[in-house]
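The next block holds one structure in the form of structure tokens; read it before the comments.
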Amino acid sequence: MEGPAGPSCRLSSDDVAGHSQDTNDNCQNDSCQCDRTQAEVKIKSKRFGRGAVESGLTHECGVFGAIGTGEWPTQVDVAQVICLGLVALQHRGQESAGIVTSEGKSARTFNSHKGMGLINNIFNDDAMRKLKGNLGIGHTRYSTSAASEEVNCQPFVVHTAHGALAVAHNGELVNCSSLRKMVLGRGVGLSTHSDSELITQALCLNPPEGETDGPDWPARINHLMRLAPLSYSLVIMLKDKIYAVRDPYGNRPLCLGKILPLGSSYAYKSSSSKHAAVLLNGCAKNGMDDKPEGWVVSSESCGFLSIGARYVREVLPGEIIEMSRRGIRTVDVVERPAGKQQAFCIFEYVYFARADSIFEGQMVYSARLQCGRMLARESPVDADIVSSVPESGTAAAHGYARQSGIPFMEVLCKNRYVGRTFIQPSTRLRQLGVAKKFGALSENVRGKRIVLIDDSIVRGNTIGPIIKLLRDAGAAEVHIRIASPPLKYPCYMGINIPTREELIANKMDPFKLAEHVGADSLEYLSVEGLVSAVHYNMKTTPSDGVGGHCTACLTGDYPGGLPDDADW
């Protein structure tokens, strides 16, 4: 991915709103290609002054939950399973992580450990020994709406009149301002600016229809979902249950897996603080009819194999699933407003998800491969080799090579000890990371006409140095092909996309951008091409509101519309 490297906008909220309007109506920049036909998004102050994110395009978060079935204490090492699951979701956030477990006995206390940094550094052996339990939930975070501080680490735990409640959240509440005012108006105090704490407090409110025999948690969750239709995937833990919840639009991903019985040849072996699952002399049983020893729920399915779990299905949009020692069951489904389609984030396919994850019946890798094929059809070029910006553009590059008949060859060597440039909150750290992230394979580059595939361009500050690197290594031509459409609009649903004036696609058309970054040519995949590529291998055809995708950052068409109190 072409990660951002420029300075963050530091205008006040009023300045930002006014500047955006000026960009559309009275732009004085001759090279600006702003789309003046779209309604302008007024950026207000949601992130300003509360740990505002300075990086450009960043993930939301990753959530994970696990519960043992049958007799307790379970034979499943719940804390280890959750830790492994979070390691598999590390790409979704690298700032902080937390795990909360319950032994299923006391409604008053949970076992909890949270910290800043990478998962394997947070959960050492001492921490893992404290996380005893038969069920638990975990979270790995990149901040989108609250500061990068330990106080905002999830899962959040609150103590209600009915016992402890823990919540982990992926996404961002669209109408958090109105919901926040409602909660504060009930006399509830909030200690952070996190949407996730707001969710925990909203769940403590009695549902409108009342309760007769203790708390009706499905009704409370239903009430929350009607108050806040976008955007979240949630795991909610009580003393002896976990609720898996996905918003009615299905904007954020969430899927279920079952932990298979371990045969005599399969066992877990803890490797110090690495918490690696080791396969001993065989593998898990393959029978689909095996009675599960536990259930897991995760933002992505990519970690299931490493914990001996089998992918079952996605949590449906609006579905509330109850997970207990007896198994899983759907307790409610909250419908979308009439006429509204499912709006699964299409950028999960483009970049956010790991390539081996499964969405909508297809592996992410196959969708990216098809994006490359579509890109070759739409934007062919006469060249000697096709290559990619690793790792994000590799699948699309293979698709481009197969469709065009031009051989694929690596031209960039990635330094795997630098880390991801875009995930760091600090602009300075990000800029330093770009400089030392890649090296050029000069023997593959020298004298070659190269088609270089990347998955997206945000500010346009990273692709230029990469092109210069290839030129210095002797490339004859460098043609940039982007396996997604140009990013033009901010996102308010859990992805930190910069303001419109920071997005390079609003300032330069592909021809001027190619000149700006030093490429011989530059073309994007069309919106129609991206949607077609994603639908190509889907097991279901988009109809009756099923299989729809959110393209708001590409088209400005927001699935729930723009709320009156949008403060982003």
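Including glycine, each Cβ sits where the backbone N, Cα and C put it.
Copied over from TrEMBL:
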- 1-28: region 'Disordered' (REGION)
- 61-326: domain 'Glutamine amidotransferase type-2' (DOMAIN)
- Cys61: active site, nucleophile (ACT_SITE)
- Cys345, Cys491, Cys550, Cys553: [4Fe-4S] cluster binding site (BINDING)
- Ser392, Asp454, Asp455: Mg(2+) binding site (BINDING)
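Shown here: features listed in TrEMBL, placed on the structure.
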residue: Cys61; record: active site, nucleophile; CB count, 10 Å: 27
residue: Cys345; record: [4Fe-4S] cluster binding site; CB count, 10 Å: 28
residue: Ser392; record: Mg(2+) binding site; CB count, 10 Å: 23
residue: Asp454; record: Mg(2+) binding site; CB count, 10 Å: 24
residue: Asp455; record: Mg(2+) binding site; CB count, 10 Å: 26
residue: Cys491; record: [4Fe-4S] cluster binding site; CB count, 10 Å: 22
residue: Cys550; record: [4Fe-4S] cluster binding site; CB count, 10 Å: 27
residue: Cys553; record: [4Fe-4S] cluster binding site; CB count, 10 Å: 26
Review point. So of all those recorded positions, Cys61, Ser392, Asp454, Asp455, which one's Cα sits nearest to Cys553 ([4Fe-4S] cluster binding site)?
Key: Asp455
Point to revise | [4Fe-4S] cluster site, defined by Cys345, Cys491, Cys550, Cys553: further same-chain residues with Cβ within 8 Å of the Cβ centre | key: Asn251, Ile346, Phe347, Met493, Ile495, Ile497, Thr551, Ala552, Leu554
Exercise for review: May I ask which of the recorded positions Cys61, Ser392, Asp454 is closest to Cys491 ([4Fe-4S] cluster binding site) if we compare their C-alpha atoms?
Suggested key: Cys61
**Study point:** For Asp455 (Mg(2+) binding site), the one of Cys61, Cys345, Cys550 that lies nearest, given that the recorded positions are compared by Cα
**Key:** Cys345
Revision key, fill the gap. Taken over the domain 'Glutamine amidotransferase type-2' (61-326), the predicted model's pLDDT averages 85
Review point. Considering only the recorded positions Cys61, Ser392, Asp454, which residue has the minimal Cα-Cα separation from Cys550 ([4Fe-4S] cluster binding site)?
Key: Cys61
Study note, to complete from the structure: Rounding to whole Å, the Cα atoms of Cys345 ([4Fe-4S] cluster binding site) and Ser392 (Mg(2+) binding site) are apart by 17
Study note, to complete from the structure: Between the C-alpha atoms of Cys61 (active site, nucleophile) and Ser392 (Mg(2+) binding site), the distance in angstrom, to the nearest integer, is 18
